[in-house]
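A.B. asks: I'd like to ask you about the structure that follows.
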Amino acid sequence: MIILAVLLAVFIVQGMVILLLEYRHPQKAVAWLSLLFFCPPLVLFLYYALGRDYASRRRIRAAATDNKGVRWECHASEKCRPITDPEETGNPEMYGRNDLLNLLNELSGYPATARNHTEVLIDGEQTYESMLRAMESASEHIHLEVYIFRDDEIGGVFRDCLCRKARQGVKVRLLYDGLGSHALSRRFIASLRGSGVETHAFLPPLLALRTGRFNYRNHRKILIVDGRIGFTGGINIGDDYLGKDPKMGNWRDTQLQVEGDAVFFLQRIFLKDWRLASGERLSHPRHFPAHCCIGEEGVQIIASGPDGDRDSLQAILFAAINAAQRRVWIETPYFIPDPAIRRALKNAVLRGVDVRIIIPAKPDSELVYSASLSYLGDLLEDGVRFYRYRRGFLHAKMWVMDGMLASVGSGNLDLRSFYSNFEVSTVLMNPERIEELADIFQRDLANSDPVDTEWYYSRGKMEHLREEICRIFSPLL
């Protein structure tokens, strides 16, 4: 009886600790408490190893904002042209929207800039061809940051290119996530380092467990060449992004090539992440060179993650949905929205906004896919239109709001991307680029099947039960 009483007391105290520490995210608290009910001892270990946000977020933020850290302002601030008036975006739908521009600037921490040119890349083949061409042109440095770097055919092509440029005297740095790229062999890393490529894993699993940071993964995808050309979006380095995985088939993704002022801020993000992973402070004028980009596109780089004091990815999507008057079109491989986003989507429909969301028809994770489907029912009833992409796997993370804003990035529409991962997104204000993304959305729509309430509710009870169980634990997936 005494043992049972002690265990019960531990159970109650642990439950109270979780409620107190996770008060900002009720869904996450419910998930941990549900696990605690089934297996208290295991959950005690898992929560303290993986789930704590309070202390490790503060340590990461302190390291990222240390005033002895990266100094980019003196090198970049006089070389870029911040947008201070919505009319400088060249987008009539933005004119007079000082409120929205101010919000974007505050949430980003970096100013929107006007002297940019962007190119949309819609699959792995286009993206890798452009990235490799840019890397071959490098004369000063190559900075590559990815979540997944695979030791496969295309991974070997990138490795060889990085090694070749390093042997030519170009400064090459590779930053990969310690969990996402855990399968990289020591031999693969040794071949990079042997050629002079500097490599670092971002929060390797064992280190992350010891420091309570395991839950924070670097999901960003960034390439910077000579501080002039940048790439960012949803594409990692691997053959599956070329459609070579027989299980997933065709891989639909979206990436951006960026030239101009916005590259300064992609560089800033890389240098901060490099410092967090390596402890090395990098700051030199050559990282922020003057450029002669003649583009006039308004672009804003948004960094979101534990190194910031705002959940910028969620906040900007929430603001865009609330500001929409005509359309909100979204593509996401995972759909696990928080209550605020769900409410914003419903309110948009009530205002007469055309809200459409495309998700994959085939999953790369059964648990996450089941959790995603569980959120569709009540939104369908309120008029949100969902579609399932059938031509392979949809991995694109993008949205279009009216003709005013559009975004391409690394972050999914899920709780992990909103609150735990290091993510980066690019918000576009150029009317032509926004319409290009809208056209891409409509092409994807033509390769998708609509989800209606009849199909949704006609599926078996066990299927719905599985989805509801996955939904409970979705904040931890």
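Glycine is no exception: its Cβ is also placed from the backbone N, Cα and C atoms.
Small disclaimer: the values here were computed from a predicted structure and weren't measured.
Pulled from TrEMBL, these are the listed features:
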TRANSMEM  31-50  transmembrane segment
DOMAIN    214-241  domain 'PLD phosphodiesterase'
ACT_SITE  HIS219  active site
ACT_SITE  LYS221  active site
ACT_SITE  ASP226  active site
DOMAIN    390-417  domain 'PLD phosphodiesterase'
ACT_SITE  HIS395  active site
ACT_SITE  LYS397  active site
ACT_SITE  ASP402  active site
A.B. asks: Which whole-number mean pLDDT does the model give the domain 'PLD phosphodiesterase' (214-241)?
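C.D. replies: Summarising the domain 'PLD phosphodiesterase' (214-241) by its mean pLDDT gives 95.
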A.B. asks: Using a 10 Å cut-off, grab the number of neighbouring Cβ atoms around the Cβ of HIS395 (active site), all chains included.
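C.D. replies: Result for HIS395 (active site): 25 neighbouring Cβ atoms inside 10 Å.
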A.B. asks: Against which stretches of its own chain does the domain 'PLD phosphodiesterase' (390-417) lie, if we need a Cβ under 8 Å and a gap of at least six residues from its ends?
C.D. replies: 25, 27-28, 91, 93-94, 97, 100, 120, 147, 219-221, 232-235, 241, 243, 248-256, 302, 304, 313, 316-317, 320-321, 323-338, 341, 358-362, 364, 368, 372, 423-429, 431, 433-435, 437-438, 440-441, 444, 447-449, 474-475, 477
A.B. asks: Whole-number Å only: compute the distance from the Cα of HIS219 (active site) to the Cα of ASP226 (active site).
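C.D. replies: Each residue's Cα considered, HIS219 (active site) and ASP226 (active site) end up 23 Å apart.
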A.B. asks: Whole-number Å only: compute the distance from the Cα of ASP402 (active site) to the Cα of ASP226 (active site).
C.D. replies: 35
A.B. asks: Distance between LYS221 (active site) and HIS395 (active site) at the Cα atoms, whole Å?
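C.D. replies: Cα-Cα distance, LYS221 (active site) to HIS395 (active site): 13 Å.
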A.B. asks: Measuring Cα to Cα, how many Å separate ASP226 (active site) from LYS397 (active site)?
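C.D. replies: Given the Cα positions, ASP226 (active site) is 27 Å from LYS397 (active site).
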A.B. asks: Counting every protein chain present, what is the number of Cβ atoms, excluding its own, within 10 Å of the Cβ of ASP226 (active site)?
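C.D. replies: Counting Cβ neighbours of ASP226 (active site) within 10 Å gives 21.
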A.B. asks: Who sits close to LYS397 (active site): which same-chain residues at least 6 apart have their Cβ under 8 Å from its Cβ?
C.D. replies: GLY233, GLY234, THR254, GLU331, THR332, PRO333, VAL408, GLY409, SER410, GLY411, ASN412, LEU413, SER425
A.B. asks: Summarise the domain 'PLD phosphodiesterase' (390-417) as counts of helix, strand and coil residues per DSSP.
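C.D. replies: Across the domain 'PLD phosphodiesterase' (390-417), DSSP assigns the residues as follows: 3 helix, 12 strand, 13 coil.
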A.B. asks: For HIS219 (active site), which DSSP three-state class applies?
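C.D. replies: Note: HIS219 (active site) is coil by DSSP, not helix or strand.
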